[in-house]
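Quick look at what TrEMBL lists:
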- LEU20, ASN27, LYS156: xanthine binding site (BINDING)
- ALA128, HIS129, GLY130, GLU131, ALA132: 5-phospho-alpha-D-ribose 1-diphosphate binding site (BINDING)
- 45-157: domain 'Phosphoribosyltransferase' (DOMAIN)
Amino acid sequence: MQRLKDKITSEGRVISDGVLKVDSFLNHQIDPALTFDMGKEFASYFKNKNVTKVLTLESSGIPPALTTAMELKVPMVFAKKQKPMTMKGDVWVERVYSFTKQIENEIHIGKSFLSPNDRVLIIDDFLAHGEAALGLASIVKQAGAVVVGIGIVIEKAFQEGGGKLRDAGFDVLSLARIKSLTNHTVEFIEE
Ligand code: G4P
Ligand code: NA
Ligand code: NA
């Protein structure tokens, strides 16, 4: 997605350890028009998959997941990192290890929001090690539903997440794939 790559080039900042800071349009401040275009791209690519629900993880996955769901005219569900006190009992829980933060987090989804009839499109802002997407996919499977695809805004293709997800058989669309972040420069995989 050229518009996204241009935005990353102009506003992204490479910080230590292969981390790309994109706080000005994806992780803190949000660019609504660009986020709508992301939704259109995901919806167009996955339009024949009969998606019934878009699933993401709070917080930064929510904007692109919402615009995708709006375009596909289906609900959007976001997994919560804290178990809300109003969520009693019927909750799917999965442990997700964050390599970036080196801690294990739990993610929670109320059981009433996923049914065995669901065809789920997972959306997330970043793909690094793939743990978040795999955790979400594991809950979808426990619910008896099916993951029909995974949409990622920015894939760090030099880390193993993309390979893990594709090897597991998932149809993954990344809107921007980064080949390297060395020398404080963003280099994309051209496709
Ligand atoms: P993984 O899910 O692919 O295994 O990723 P990892 O543990 O490495 O990532 C943990 C958090 O860091 C996630 O956000 C993820 O989106 C984010 N992240 C990973 N690599 C980068 C990067 O290069 N740049 C930025 N800006 N973020 C990155 P989170 O903790 O869930 O936070 P939130 O922003 O969704 O609230
Ligand atoms: Na993030
Ligand atoms: Na995220």
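Using N, Cα and C of the backbone, Cβ positions are placed for all residues, glycine too.
Locations of recorded TrEMBL features on the structure.
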residue	record	DSSP class
LEU20	xanthine binding site	strand
ASN27	xanthine binding site	helix
ALA128	5-phospho-alpha-D-ribose 1-diphosphate binding site	coil
LYS156	xanthine binding site	strand
Take the C-alpha atoms of LYS156 (xanthine binding site) and ALA128 (5-phospho-alpha-D-ribose 1-diphosphate binding site) and report the distance between them in angstrom, rounded.
-> 6
Residue pair GLU131 (5-phospho-alpha-D-ribose 1-diphosphate binding site), LEU20 (xanthine binding site) - Cα distance, angstrom, rounded | 18
To test your reading of the 5-phospho-alpha-D-ribose 1-diphosphate site: which residues beyond ALA128, HIS129, GLY130, GLU131, ALA132, same chain only, put their Cβ within 8 Å of the Cβ centroid of those residues?
-> VAL96, SER98, PHE99, LEU127, ALA133, LEU134, GLN159, GLY161, LYS164
Given the binding-site residues LEU20, ALA128, ALA132, the candidate whose Cβ has the fewest other Cβ atoms within 10 Å is LEU20
Rounded mean pLDDT within the domain 'Phosphoribosyltransferase' (45-157) lands at 95
Other residues, Cβ within 8 Å of LEU20, ASN27, LYS156 Cβ centroid (xanthine site) = GLY12, VAL19, LYS21, VAL22, LEU26, ASP125, PHE126, ALA128, ILE154, ILE178
CB neighbours within 10 A of GLY130 (5-phospho-alpha-D-ribose 1-diphosphate binding site), counting all protein chains shown, number 26
Close to ligand 3, in the sense of Cβ under 6 Å, among LEU20, ALA128, HIS129, GLY130, GLU131 as binding-site residues, are none
